[in-house]
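According to TrEMBL, the features are:
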TRANSMEM  A:40-61  transmembrane segment
TRANSMEM  A:73-93  transmembrane segment
TRANSMEM  A:99-117  transmembrane segment
TRANSMEM  A:129-150  transmembrane segment
TRANSMEM  A:186-209  transmembrane segment
Amino acid sequence: MSDVNYKQIIADGLWNNNAGLVQLLGLCPLLAVTNNAVNGLGLGLATLVTLLISNGSVSFSRHWVSREIRIPFYVMVIAANVTVVDLLMNAYLHNLHNVLGIFIPLIVTNCAIIARAEAFASKNEIIPSIVDGFMMGLGFLVLLVVLGGMREVIGSGTLFANASVMFGDAAQGLTMQVFDKDYPGFLLAILPPGAFLGLGLIIALKNIIDDRLETKRIAKRQQEKAAAEAASKVIGGVPASE
Amino acid sequence: MANDNLKAIWRAGSMLAFFALVGVVLLVVVQWLTKDQIAENARLMKLQRLHEIVSAADYNNDLLASAQTLPLSIEGLADTAKKYTASKSGTAIADIYEVTSLQGYSGPISLVIGINADNSLRGVRVISHKETPGLGDKIETSKDDWILQFAGKSLQNPELNRWKVRKDGGDFDQFTGATITPRAVVNAVREVLSINE
């Protein structure tokens, strides 16, 4: 298909239809693991990989899977590849796997993944489906890192603490002390309510930005319209009819 | 008509079965590829915990193989514990207990407690806990030195009736804002010292 609008896919995944911010899917892991940026990044990456593979395989096999069995088929594809990701992380990213614990297998229950399978991958070619999976996953990942980072900075005054859990000892330098060492930490941000408050604030911020953009767009359209009308008056010399 | 239906069901069913088979094969292969690495990781994790108490240079037996499971019936502790014995060239150096206290503020607290051959404490570390961040989590070495104070203590030092947090009339400091967590740890250490004697 040559008429795939990649720009649209990218904009949807990252912003307009962001899995966490707009569809509000996958809230369970999103709220639970984001008490620091590294956890958010870890779960975000795992979700991203899962989305990529599941979108790819659903799209690849969409002609053989009839409508009646598509839901069990998606569940199977997603469960199998989450298990694969879980095993691989357990083997090669053991420390991070320990930190994220139960939330890796729980990616299976992240509705964002089955939603993309049904809404996009089952109707589109394989390449656009993979791009869609990547962009949706990336949008989710960025949200997880932003929310995690926000809670970490407010809650404990650091950013990317424990980066070594994920990237090995070389990454120790990544840790930033945002506030000074004596910062007592704002406990609420790290505790579960902080996740809800943080997510709420980010959604509010997104809505404000969208509102601003929309107002600007309308203003611009009106301006253009007015300019066009003015031009037609000058050229035609006859007032435009109502 | 009925025949057509049957055909469609048959077709869908076998398709699903086929994909299930593909999934199973994939999982078996990945599991087979990763299982050694995962077992090795688990082994290293365990050793790493024990090495917090006894450094690798201090013993030369197979620490993990020395594990024994002990049944416990002590109030406030989970009903099984693990005991490892570190020895060097046949001489016992220390016993290391893995116990779980059920008296935590928000869930069990797992501890490793090392006891020297002379019944003094070699050290205590927390393996896992769910205590409140910023308050109860000062039992972690990365947050506070509190847990290091146990090294060298024994049932004679302080006296058994002083083996409590200060609030309960004992010798051990609680932290500001958290009494329950240190109490759980102090009690667990005391009980383990008692069973070791």
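Glycine is no exception: its Cβ is also placed from the backbone N, Cα and C atoms.
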Under 8 Å, at least 3 Cβ pairs, sequence separation 6 or more: does that hold for the transmembrane segment (A:40-61) versus the transmembrane segment (A:129-150)?
yes
Which one of these stretches, A:73-93, A:99-117, A:186-209, has the most C-beta pairs shorter than 8 Å to the transmembrane segment (A:129-150)?
A:186-209
Six or more residues out from either end of the transmembrane segment (A:99-117), which same-chain residues have a Cβ under 8 Å from its Cβ atoms?
19-20, 23, 25-26, 28-29, 32-33, 39, 42-43, 46-47, 50-51, 54-55, 58, 74-75, 77-79, 82-83, 85-86, 89, 132-133, 136, 140, 162, 165
List, by number or range, the same-chain residues at least 6 past the transmembrane segment (A:186-209) whose CB is under 8 A from its CB atoms?
15, 18, 20-22, 27, 30-32, 34-35, 143, 146-147, 150-152, 154-156
Let me spell it out: take the transmembrane segment (A:73-93), skip the flanking residues so only those 6+ beyond its ends count, and list any with a Cβ under 8 Å from a Cβ in it.
42, 46, 49-50, 53-54, 57-58, 61, 65, 100, 104-105, 107-108, 113-114, 117-118, 166
